[in-house]
Amino acid sequence: MRRDYVDPGYSPKDTDLICEFHIEPAAGISFEEASTHMAGESSIDSWTEISTLSPELAARLKPHVFYLDADTQTVRVAYSEDLFELGSVPQVLSAVAGNIFSMKIVDNLRLQDITFPKSMLREFEGPNFGLPGVRDIVGVKDRPLVGTIVKPKVGLTSEMHAEVAYNAFAGGCDLVKDDENLTDQKFNGFEKRAELTLKIAEKAEAETGERKMYLCNITAPTCEEMIRRLHVLKDLGASYAMIDIVPTGWTALQTLREAAADEGLALHAHRCMHSAFTRNPRHGVSMLLVAKLCRLIGLDQLHIGTVVGKMHGDKDEVLSIRDECVLDTVPADPEQHVLAQDWGGLKPMFPVASGGLAPTMIPDLYSIFGKEVIMQFGGGIHAHPMGTAAGAAACRQALEASLEGISLQDYAKDHKELEAALGKWLEK
């Protein structure tokens, strides 16, 4: 590599894509050297001087390392939009999250955030429904939505799965979804499960007078099969499909977004596998950026963490991810490594809090997230002493209490399902 891309006097253009990285150089490598090599490898340069890289080409496409802070090991790089294929998340990641993670000159490297210029944002449609559209589908305008995951994760027959879903719907759940590792196994085939569970959702709607949504997992071994399963759901009358975003991949997600828009189905995004590369604060890619890419592509709702449940993620991090999902304009937050982003009118995603939640946590969830959240419970519903329907009822009762500013203990005096939930889960 023959060039120095460190350029602290550079002012990014409105058309530049900007990345923030955390960089820890290898022994014997300066912070500036690691930064310039990373910038070159993620754009136009190679490990040695190449005659095919003309001065004219370099001047037009070279990256600019315009911010360096060795104390916090933070670097920001501005890239010309001409380096990227418009409308392609995979190509962007191949550049700024590709070979650079294999370089020997860094011990650790983390891509914290990307600011996309308006010229690139225009090539993406964002969520088809998003938060406001999901509220229209479900018919709930003024409270958090309540959902559950059918448990156990796997092992139930299609008939048993539908029965569990029915009990959850009847007890008060707005949404019932498959777990991430349930797709099309021999004990619970995709098409039979979808047909039976969508039928019982209709039954629960008729009985309760509320809309009931089943989120069936269409994660599949090929894009063709994934889209076929989407069509099956549409033919069965579904309003939703669920997808495991990381195992499925970015190209498949962009393909799915187009097909789902054609069919008029909302997309629920499960983030399983993300922690393989997001959890280490010194290496990998941030969950905030994963959320940003999901909104860019156009998923309608996304798991973001809970703060109070079993999943990793402190309050500041989770709320930064929430803001990236819902705000029209995200302000920069250097402490959380968040870059400013004007979303250019793309719809907000509905944040989903899920993982290790019980009805007793609803006051805290409501205090943290407010009304614009989907509260999703697994064991916190199905492990209720009185069964799944009672677990769902306890969640709705705890939510009603929180909305009315009443303590759970007081509300439980006239609500036996909540009383039983307090007896099981409330910390003594």
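Each residue, glycine too, has its Cβ placed from N, Cα and C.
Pulled from Swiss-Prot:
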| type | residues | note |
| --- | --- | --- |
| ACT_SITE | K151 | active site, proton acceptor |
| BINDING | K153, R271, H303, S354, G355, G356, Q376, F377, G378, G379 | substrate binding site |
| BINDING | K177, D179, E180 | Mg(2+) binding site |
| MOD_RES | K177 | N6-carboxylysine |
| ACT_SITE | H270 | active site, proton acceptor |
| SITE | K310 | site 'Transition state stabilizer' |
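Contacts of H270 (active site, proton acceptor) defined by a Cβ separation under 8 A and a same-chain sequence distance of 6+ are given as E180, N217, M242, I243, D244, I245, H303, in order along the sequence. H303 (substrate binding site) falls within a strand segment according to DSSP. If you count neighbouring Cβ atoms within 10 Å for each of the binding-site residues G355, G378, the highest count belongs to G378. Summary: among the recorded positions (K151, K153, K177, H303), the fewest other C-beta atoms within 10 A of the C-beta are counted at K153.
Here the CA atom of G355 (substrate binding site) lies 11 Å from the CA atom of D179 (Mg(2+) binding site). Other than the site residues K177, D179, E180, same-chain residues with C-beta atoms no more than 8 angstroms from the centre of those residues' C-beta atoms, the Mg(2+) site, are I149, V150, K153, D178, N181, L182, N217, M242, H270.
Largest Cα-to-Cα span within the substrate-binding set K153, R271, H303, S354, G355, G356, Q376, F377, G378, G379: 19 Å. Take the binding-site residues D179, E180: by the count of other Cβ atoms within 10 Å of each Cβ, the lowest one is D179. K151 (active site, proton acceptor) has G378 as its nearest neighbour among the binding-site residues G355, Q376, G378, going by CA to CA distance. Each residue contributes its Cα atom, and for K153 (substrate binding site) and K177 (Mg(2+) binding site) these two points are 10 Å apart. Less than 8 angstroms from the CB of Q376 (substrate binding site) sit V146, G147, T148, I149, L175, K177, H303, V352, A353, S354, L357, each of them six or more residues away in the same chain. For the recorded site, G378 (substrate binding site), the DSSP three-state label reads coil.
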